[in-house]
Amino acid sequence: MEERTRAYLRGRFGDHYRQASVTPPPAANEREWGFIPWTEGPGETMVRHRSLLDLGEIEDFLGRRKPRHVYFSAGRYDEPSASTMSDKGWRSSDLVFDLDADHLPSVVLGEDSYAEMLAKCKDALRRLLDFLEDDFGFDDLTIVFSGGRGYHVHVRDERIRHLERDARREVVDYVRGIGLEFDELVDEESVAGTAGRSSPAQKRTLSTEGGWSARAHRHMLAVVDDLLAMEEADALEQLQEYDGIGEGKATAALNAARSNYEQLEAGNIDVHPAFYQLAKILLHEVVAADNAPIDEPVTTDTNRLIRLPGSLHGGSGLEVQRIDRDDLDAFDPLVDPVPETFRGHDITVEVTDGGLVELDGDSFTLEAGNQTVPEHVGVFLMARGRAEKGKE
């Protein structure tokens, strides 16, 4: 990044911060703070181990220092400005989740556009919220667009604030479906008669109420619905695509599903041994489709620094923005986080990496060279290293 570009961005970030209202997190004075300034050279240098007392009022600090990135800790401490973690005196930590489009299995880097990556990340966010709200029963959630390629979720429920790393890793494993075994999801009870199996009879069911068991049940029923809507030959052919399912088992599983649909709806998967085997195989699809691929180190690290909502992301010029739960569906990460400071006027930039830019409801295909663009587009390009500031 050239000095002209760096000075321009730093100045405009400062203009934004002098007008912005930034709300600090709860217990802000108990947290460590860090920031990355606009420094020369290709790398970035983190300034950390600061307390709010060191920084002063957060809005004054932002307007004065005009930082490139701003962070606060998930952890709360006795001495947040101590230079070593052992001297800080850990009290508790928020449970923080990070979804980054770069790490999603569904994202094809180099092929998916920025908009497509963010759309896939929003789908993953919905799955994460399903786990947090329905499975864990958390309602004190703060949802944040990171300003870059993903989302953060902060849980500040008193019940989890004192969890240590191993317990937090169990939460990670649960939402990612790591180590999930089908037999753990199945309720088994002895019943009179054969229950579709040879005696002694055991009735094995998937819960329809919640958790991974209910997800497995919903997916199983969706597959059954698709199979029953097909021509029989097509359904049998599809069933035989699963490992271990030959023609005989495919026929038996399909007939059992057709004859016992109401039992399947109720969760009974013991309608036939072949169908039980199919249900077990489908678990792999359930985990792939329904897990939340969060960044594990962020959640397990009780000392993690995370972006400050209301600050600007120095790699995009977009605002790190809180999202009300009820507004999530309507939230557009390419429109809503565009700062008002950068709207309404054009600037000149020297584009070095042309291509598509989708921002603030518009789409631009830019070639390399001098270009006059809306300022929010120019800031985005410069922050991402795709342009330098041109002469006006």
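Every residue gets a Cβ built from N, Cα and C, even glycine.
The active site annotation in Swiss-Prot covers D98 (among others), and the record cites sequence analysis as its basis. In three-state terms derived from DSSP, D98 (active site) belongs to an extended strand segment.
With a 10 A radius on its CB, D100 (active site) counts 20 other CB atoms from all the protein chains. What Swiss-Prot lists as active site is D100 (among others).
Residues or ranges marked as active site in Swiss-Prot: D295 (among others). In the three-state DSSP reading, D295 (active site) counts as coil. Under 8 Å, Cβ to Cβ, and six or more positions away along its own chain, D295 (active site) finds D98, L99, D100, H103.
Its Cβ taken as reference, D98 (active site) is surrounded by 21 other Cβ atoms within 10 Å in the chains shown.
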